[in-house]
Every structure is written in structure tokens, then in C-alpha cells.
Amino acid sequence: MAGPPIVLSIIHFTTCSVSIIFGSILLGIAVMKTPRHLAPYSVLLRTLTIIELSTSISAFLVFPRIVPLGMEAVACVYSGPVKWLFSNKFIFYVVELHGTVQYNVFMAVCFCYRYYVLKWESPSSNQIRIFMLIVLSFTMFLFILFIQSLAPHEVTLEYIERFVPHYDIDPDSVQSIVNIFHSLATPAIIWTVLTAGALSLLNICVGTAIFRFLNDRNHHLSEKTRSTHRQFVVALSLQAVIGQLILLTAIGYVLGQLDLFRSQIFEYSTHMVSELCVATSPIITLFYIKPYRIAFFSLLPIRKIEPKKPASASSVAIRIYVTPA
């Protein structure tokens, strides 16, 4: 049976590995090295990082190829180690898809949080935990319903034979959802597509509002406070810009579902693009947020060289040699 192109495999496993490594480092630093004044925000950051880690680990294992089957169904072909290691493969794919959606949601939450603390007093860590639980619960509930919609294996093979008989697919490495527009999977699919577009627009609007606020000198903020907020907003903006790629994959999925465009590379890239977005997120945070950047570089085996202080005039011994006449 045909597998993914070797180039795509290299990109996939490299991206997921980088994401897992840097995500683990960021989580450890956020837990142990977060300054007290960033404690409320670190609750959000730790949650986002855990979501990114779970997404990257499941993506590494699954390496899914999303194959639309007409207007009625969609199949997931497993190309990763999960097809050899586990019998219940679908749960790992659901974890990956759920994490991608939660990533979009929490990026928007982080933007809104930064704007909120500029205008009003920062909420406590417990208030943030309660809010996050509510946000997490909604998407999680949709994907619990999504799990229940897995089609019987014989039905999956019938749909593949009907819509893509020319595809060389291992029958033991594919599962599907049928009747996607009137099944338990429908709310999760709609939410996945909507979050890719609507929350991207929200991030742009809120990010613009934050920059305007910080550049308005009528607001009495110290330069240190402005600088701290700019660090976070620049990091979030970079993450959001890269995250726009997820919108392209959502459009590609819709085109495939409508049978307007079909390509093996495009079917693999549906999730590979989101893997790239998730992988860059912890790297951007580590490099743009000063406390985390300092903590990260302190872990590297680099000897810090202290610059030599210039000698003062009083410490310089001046010797005058008089040549005898």
C-alpha cells in the first residue's frame, strides 16, 4: 500500500519532534520560573502549552491523511506509528483534531486577556482557571459527540470504493465518519471550520486595539509596563499570523468535501499545516517573552562572558621615563 511521500514524512516527524521538545521546555519553565507578576497569565500559558503538547504527540503518532468522500463522508488514513501500536486509533486522531481547535480558541483567549488587563484589573488565577474550564468544556463536549460518530469498518470500505476506488489505501489503516451533516459529528466539524475563520478575525481586531492602546500616550502606563505588554502582543501576533495558515487548510478541506479539488499532498497538509503552527508557538514564546527567554538560555551550556570594565584614569599607572642628558 502506498504511504506518504518521504519528504512529507520527514517534515511531519521533524515538526512534531521540535514541537514536543520546545513545548516540554516551555511548560517546565512556565511552572518553575514564572515571575510572580505573570502568575495569572502563566495559568493560560500552561494550559495552552499542555494543549499544544497533546496535539503534537497525537499528531506524531497518527500522521493523518484526510480524504473527503463526496458530500456525505470523510475518511482518516493513518500513516504514523499508531497503526502498528494501538488498536483504537481513532481516539488519537480525535485528540489531535480537538487540540488544533482548542489551540485556535486559546490563542483568541490570550489576545482577549491581554486587552482585558490593559483596560481593567487582572483577574485572579482562580478566576482564570474557572473561565478556562468553561472554555475547554464546550469544545471537549463537541468532540465527545464526535467520537460517537465513527462509522463501521465495512461502511468505510464501501464509501472508499464508491468515491476513491483509484486510491491505494490500506483497509486496516482507515476509518471514517459518514452522514457528516446530520450526525453527532456535525457540531464539532462546524465548530472546527468556524474557529479557523472567525477567531482569526477576532485576533486581528483585538491585536489592533491593543497596539492602539499602547501607542496612545494619553493612557498613563509606565514604559516598563508598555514594554511588557508589547512583548506579549508581538509574540501573540506572530503566532496569530502563522495561525492564519489553518484557515487555508479549512478552506482546502471544504473544497475537497465539495469535490472541487483533490490532491494527495493537500490531503496530508490538512493537519500538517496546523502541526507547523503549533510547533512555532512555544518557540516564539520562549524567544519573545523576556523572563522565559532568560530562563531558557540559562539552561544552555553556554559560558557567560562578562565584559571587561574599562580602567578608570585613577587606576592607570603612568610611568614617566626621563632620559639622562
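Cβ atoms are placed via backbone N, Cα and C, with glycine included.
Not measured: the values here are computed from a predicted model.
Copied over from TrEMBL:
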type	residues	note
TRANSMEM	6-31	transmembrane segment
TRANSMEM	43-63	transmembrane segment
TRANSMEM	90-116	transmembrane segment
TRANSMEM	128-147	transmembrane segment
TRANSMEM	188-211	transmembrane segment
TRANSMEM	232-256	transmembrane segment
TRANSMEM	268-289	transmembrane segment
Maximum Cβ pairs under 8 Å to the transmembrane segment (90-116) - stretch from the list 6-31, 43-63, 128-147, 232-256, 268-289: 43-63
Tertiary contacts of the transmembrane segment (6-31), as residues 6+ beyond its ends and Cβ separation under 8 Å: 42, 45-46, 49-50, 52-53, 56-57, 59-60, 63, 79-80, 265, 268, 272, 275-276, 278-279, 281-283, 285-286, 292, 295-296, 299
Tertiary contacts of the transmembrane segment (43-63) (same chain, 6+ residues out, Cβ under 8 Å): 4, 9, 12-13, 16-17, 19-20, 23-24, 26-27, 30-31, 34, 76, 78-82, 85-86, 89, 92-93, 95-96, 99-100, 102-103, 106-107, 109-110, 113, 125, 128-129, 132, 136, 268, 271, 274-275, 278-279, 281-282, 285
Of 128-147, 188-211, 268-289, whichever stretch has the most CB pairs under 8 A to the transmembrane segment (232-256): 268-289
